[in-house]
């Protein structure tokens, strides 16, 4: 009685169809005789072609293709032709505003990167110029940024101590910068832009927040005028060093000076936010603070009373640093590793900045082209005494508010910085470190996205754990540890979800032919004698096949217990396979085992709406023959319809 | 015109519904007002509870619960009560047959594990007795097996060379065995049985095949009578060692002796396969070969002519090895690592063996309980001079053919081995190594599953790559490298599938309200002006959100190009979210970006059949408010229905 329909299913299916349901057999035929899906090789090659060849280039004739290729590589060739005086006026203003913010920030970030101050200014000259030629974002402001500066010093000073051997340290920074650029260019050329996505939004929010606090703690050195500071970046070490210094040697004057200017900068920012027309006020405040504080120190000779000043400041145009790149030394492997991490972090920040402003202005950024531009700008930078540059959040916002039209504002900024390098560096001899610290501190709140963290908490608790672990990893471990933990947890999440997928029991929505999750839609009702289970996993594979099988068996068992007294238990188990995109040999084996178990307890196994790859593999593996083609249905309504008829037959026979 | 329906969507939805489609609004309401899904904490705790607490125990009263618990731990208490003489007769016969196969195999495997021969016999005494008390499989034959023996020697001799310091080597083997048992017991107690699934079917087929060839190559030492052999297991090293030995010192007599008995054993197996009643013939052949060859060597004094013999063979009952376990030495970390690998491999083999025979006899094995039994048997084994034991494929088959009824056959076997340890070990002094090699060689074909490999190739090419890499990894690298590669590729596959999911364009099946993949079902037709894209990923997360967004944008772009001249491009993009089980903050951001892009090019974004977790998160993240609740539909037919009406309105207005 039980085996009858399984064995004669095709015949019976046709018979029943002839009686009442002409469409079902045809739909089942469509399912079972669908064309072969593309082979894995075909999918692989087409995926590579799609990734490597950009769409536009495929269709263009050759000669025009070259021009387009050049225009693609150097967008300035495209927009340069429609550039005019009106636009330049705006760019000039934006560029000058940018420069006034950029000069003090660059010196501060160079200090954060444990480099001499001029290197920060160098980095604000060459990379923006290269980017202006190759980049396609119109608002992004290129130069040194806080997080990358911290990352560089935190990683590199573990290998070479900058206070012991500053020459070797600087040379290693350039080598890392070269690798950073090389990795970025390679990512762009091979269209590996998706690598940046491996840092999830939650991880970035946590990482940036942690980095901001770490950077802030580093500024305590300048703000308190401490001489002997720790080279570690974690909270515990830094607080220990600060407490030790507070007992021995610190100069309150530094703190007073730094704090007063910090308050001044924050007030100007507050005013700027309230009155949008005064956007230049917070942008100018840092430069003004530098000039004023330098003057104060110079006039009062406060450096004799413990105020720490910059002192040595080599002016002049960027010197070549080609001879400082070291590809043969003992640290080349580490330099490459650091370069990779820097490349990813720098790209993440730059692409986030570029995309958010591009979407405000309503144009699209090609992530891969941006990567190539960033790569080349850092490679050229590493040859001209620059360290890793990227797009800065705070300065891009200023650039945008100042009404920039194109990247020409970056060129204006670079030239302004260059001029000040040539003319004014001597004047910065008396600039106190405390001011640089307060300028950096004033830029940090922008990195801490409390609102973002709260939204993550609201939407996805697991994501919030990723965020928190990145935050605390950076804070208590190190910058790399924070990143590593966040990426590891993110991927572990993907694997755990794949390993322990959920299964749902489906029911029919009243008055329709639609079946859905009975927990999500409490109105949906189960059909007595039929258990419809949906597998909520994109793939049924070795890692989850046994788990899914056990889950389904347990569901059948539970269902039997609840239905036992009423309707004689589950007669047919319908597997809704519509979510399963792919199956492997372990998955097929577990389906076979499930089928055996079901048959042995007198329950039939039916399968509804298997996907293309799945039905094809099940046919190849002869699983369809095993359960009988009559038990594979186009969709759930067809399956239920047929099963109800069959069940009625069975009950009649009883 | 465009923004009208987005802003007034709810109103218009109701208006339209009042006109013609009374069910849709209600279904949309069901969707948007479904109860909150269980929180992640709730899911986590219920998952842990489900994993840790077995189902039956929850419902039992306390006193009966204790008895059930004991019966669960020692199944012998359950089946022992219905045990009778008729069953014992069958078990006695099976046990004796088993012992005759087990004694020569154990000696051979001990040789493969680079241990003195008696340790193989010890391992066939204690572990089977412990398993008989705790295990629930009725057919499985416990003892040393080829793959685990190879694994042990391959791993441990990298740390301690058995030819230099046999005592330290043996002590490390016992320590590793202890860890093996401890890990197995822990896996079982914490119900981590799913860990065994991480070795996919394909990986196991490849690994076993590679291991069989490596084991076979190791037997060349015994078969050719080579004295100085390599300690490496890869093909290249072994072949080099063999070629070197062939130039210097090998004894053809060993080869002649080994090969003739190998041929004899294979012939008996062939006869046994043909005539099922002669199953005892291949089972007895190895013992017969050992006895005959030992006699021949003893009588002809062939050991003086280069035939290598076992010589030292300590008889007597298992000695204690408690004092040989070393948990403080320098190798304890490595011992634990080796123990973990051994535990997984041994469990994989045992559970595969147990399950396949249980399913023939139609009963179910609890993987976790089996693990506890295996764990305790190896822990006790490590205290009584046994090395890691597990269920043997070849001997279980013999046990089954010999008609065993319960694990009493294992007890009979263990006692028989014990008796021969007490009485007959001296007689084995002259047993030639070549015979042991030929006995091991004769068992290897069962490990190579060519048919399985062919099926994997047919069904899943990527799985076949996993299989091949495990095979070649074992062959040319080492046993661990092969395993590591296979597991790494298997997981990489899961991640790659998650990162680059496919998207499908759906069309309506003629004459129905059903929408499906237009490539899988060429009869399905797209609706002009509406593009329905299905996301084939179980999760929309940081790793694939950008990829999916770009793919969908490209599809819209392609569609616009093909439809441009005919119907004015895509007016509405319907996202079929039915496969997406979960979404994270990065996924929501990419949906927001997609929505912005669509709006900016004059296309509306609609969403059909979002799942429970997804709609809940989209509501929390205010995404539903952003696209308008009127653009979220219960299913695709509802979305298309509404869009067609709306589009008609638009066209009318044009």
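Every residue gets a Cβ built from N, Cα and C, even glycine.
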B:218-240, B:310-332, B:333-355, B:402-424 - the one TrEMBL records as transmembrane segment:
B:402-424
Annotated transmembrane segment segment (source TrEMBL; candidates B:80-101, B:102-123, B:278-299, B:498-519):
B:278-299
Scan B:31-51, B:52-72, B:430-450, B:556-576 against TrEMBL and say which stretch is down as transmembrane segment.
B:430-450
Between B:198-217, B:578-597, which stretch does TrEMBL give the note transmembrane segment?
B:198-217
What stretch, picked from B:130-155, B:167-192, B:253-272, B:430-450, has the most CB pairs under 8 A with the transmembrane segment (B:198-217)?
B:430-450
Please determine whether the transmembrane segment (B:430-450) and the transmembrane segment (B:278-299) are in contact (criterion: at least three Cβ-Cβ distances under 8 Å, sequence separation 6 or more).
yes
Counting CB pairs under 8 Å, which listed stretch among B:167-192, B:278-299, B:402-424 touches the transmembrane segment (B:130-155) the most?
B:402-424
Could you check whether the transmembrane segment (B:372-390) packs against the transmembrane segment (B:167-192) - three or more CB pairs closer than 8 Å, residues at least 6 apart in sequence?
yes
Which of B:167-192, B:402-424, B:462-492 has the most Cβ pairs closer than 8 Å to the transmembrane segment (B:278-299)?
B:402-424
Using DSSP, tally how many residues of the domain 'STAS' (B:537-643) sit in helix, strand and coil.
64 helix, 16 strand, 27 coil
